[in-house]
């Protein structure tokens, strides 16, 4: 999440956790590391300064609560202050009227049309019927893109490439989808200086009378997001914001903090290219993952999406206990294929930095290869991986059409991951990190 920012902050917290003595010098060193990471992520310097000041004052003057060590207390302070930086609370999209009308706004290239497809998918999974109206008369491919991004989702699309009147398209789409639970209106990409387009946006808003106007902001623009959000806010009443492209953006932290600074609620974030890579934005969960503390609640929710609830609990236990067999690992691989990129899934585990480096680089191709290899194993081998020696490795490789080295690689990955995850068990999570994780796991 957020590329280098997540790695830098997680590394800083890991370094702090390993300190034997925590004094004023250590506190200032930690703050410098945090400052460096945030500035590199394009967070506004004034915000970084205020955050640093708050952390320093609390770390040097507050007494740790009973049973909490000084370094655990500092980690907790960093967590608290960074959550405040991003707005503290989450804002859910509440569909409380029908048809619930959502007007989508955003600059061209912000990922607006893609995000409409993702939100339509999100709403369909919640059981709502969805209609999407294309009022973008500026881009010839706008309607086709909407159809492409909503394909197979049972979402109705309305648009007319011959009609150049965006207001007429909005009126007709509104009339057509009156029986839908939710109507989403796609609009032309706007530039904050294009007065004609901003005026059209105001006119569209008057016709649609949206329950909510959602502004889509490209996370790669960093703190420029502040000015963009303010420009749109002057033209219409923005209900919420979605920040996209946070899966690898170097400036994502700057975009998130800039938007939060002006008080605009961030409801969702885009975390990848897949249709399911849209997450409800929760500052507490988000910061927990950035600091390497994991997000077991989100992980459990993802698991529950692809399995029965009872299996979800067992799967989480298997991941954390380190007792799972190759059979369990096969189930995990199958589920991870549905849950999203492995790097995102792993970031939800507390202490994910302890996992083997290759774990975060696992590709879908590698997972498919490993599944084929495991399909060539006997029931006994899946249950007792330790019995797989030279002759069995050769047989499994021949049966799966892979090399001996591939089978050995799988077994090595299994052993190392099992050992690493064993250290992440629920009983071993103490201090504020443990309290947070146990709260997430309720």
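Heads up, the Cβ atoms here are built off N, Cα and C, so glycines get one too.
Over in Swiss-Prot, the protein carries these features:
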type    : residues                  : note
BINDING : 106-113, 186-190, 244-247 : GTP binding site
DSSP-derived class (H/G/I helix, E/B strand, else coil) of residue 106 (GTP binding site):
strand
Looking at the binding-site residues 106, 109, which sits with the largest number of other Cβ atoms within 10 Å of its Cβ?
106
Secondary structure at residue 246 (GTP binding site) (DSSP, helix/strand/coil)?
coil
Which residues in the same chain, at least 6 apart in sequence, have a Cβ under 8 Å from the Cβ of residue 112 (GTP binding site)?
104, 105, 106, 186, 187, 189, 216
If you draw a 10 Å sphere on the Cβ of residue 187 (GTP binding site), how many other Cβ atoms land inside?
26
